[in-house]
Amino acid sequence: MKAAILGYGKSGQTAKRLLEIKGTETIEIYDDKMDGFKGIKDFNYEEFDTVVVSPGIDLTNIDLPTERITSELELAFEFIKDKKIIGITGTNGKSTVTFLTAQLLKNIGINAEFCGNIGVTVGDTYLLKNPDVYVVEVSSFQLDLLKRFRFDTSTITNITPDHLDRYKTMDRYITSKSRMVEFTEGVSFLEKGGWNEIFKKYENIKYVDGELKSYPLLNGNLLEFEDFYVDVNRYNLFGFHNIVNLSFALLLTNQIVRLKGDVTGLVENLTPLEHRCELVTEINGVKYINDSKGTNVDSTLTALKSSSYPTTLILGGKDKNGDFSVLSDEINKKAKLVICCGAAGEKIYNSLKDIIDVKIVRVELLKDAISLAYRETKEGTVLFSPACASFDEFNNFEERGRFFKNYVNNLKVRGC
């Protein structure tokens, strides 16, 4: 068999390892961004039996018969189809839900690993650990490439506008996300605010109340489900949205092992993912929160709703065509100061300056924004939730988040 790999990032490299295990005779790699490989423009599908497409490759302008397309996830499924597989997607929250679900299963004593779009690929998780339960974060781009993959249970945490540069319309984006339900054999949980006509054809959906007023119900400090409950006062993650994330994680865990009664003990030692509303430190009574993963307006709005007055909000980075004006109401409720920085700083400043009632300033770089926040904020919280991509100053949101944390901690040490 002769195979081609389009895109040689993490997914493509794993695909090559899996193809070699399968005994593929010839493997050719095409990648426009890496030296030493042919460019995708040189690719001719007629030469290959199988074409592995990495999620970052947009097939819109590539002539490729669908029957020859596969993906790293599809290749990995051949090796793990007898194991339990949990699928998690959504515009925001999917990484945290994935991470929490794996932690919950481990707390119960189950050999589980998180993988996929978060951290290690599914194929490499098989090669390195081969757990009993795979907790898989799946992006819309990965969902688009599924053919035979099956999840035992899954969730769509929410659906708000994102990746419209690729999908062009919300209907196309929602259709992509809905494939999670299509490829799930058991129950698929959907936040009811994400409902769309597209979901009417599916009978395996169970709807979840993202406001926690019905199912599940946040009753005082108790988060109540049908057969079990937890005391959220003993749960350490910051913000209401992380209680919602916990709800999805518990529901998914309950599909693998039935939970009964008070399960608070399972959640007491749960830790947050780095760069998602992560408490960095406290300086002179001011809390510094790193939400570098807040790469779109909706994610930042969620983080801001979980904060309280007075908050200094740091926004900015590379614009993703976001409508920053939607932040105005929550800024007026929670913020005392807004600092705009980066390539999108001027756009954000101009979008907000005439519609908010709080002080707003613009600086050039993230380090300038942090320094200003440190000087100006005497109480409350400094929330770094940029509502933008990181690519103006950094390679990714992780690098940006580490920079924020290091800079803040250095300010604490120097005391200036």
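Backbone N, Cα and C define each Cβ position, glycine as well.
What TrEMBL annotates here:
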{"type": "DOMAIN", "residues": "88-185", "note": "domain 'Mur ligase central'"}
{"type": "BINDING", "residues": "Gly90, Thr91, Asn92, Gly93, Lys94, Ser95, Thr96", "note": "ATP binding site"}
{"type": "DOMAIN", "residues": "275-386", "note": "domain 'Mur ligase C-terminal'"}
The one of Thr91, Asn92, Ser95, Thr96 whose CB sees the fewest other CB atoms within 10 Å, among these binding-site residues: Thr91
Per DSSP, three-state class assigned to Lys94 (ATP binding site): helix
Those residues of the chain, 6+ apart, with a Cβ under 8 Å from that of Gly93 (ATP binding site): Thr157, Asn158, His241, Val244, Asn245, Phe248
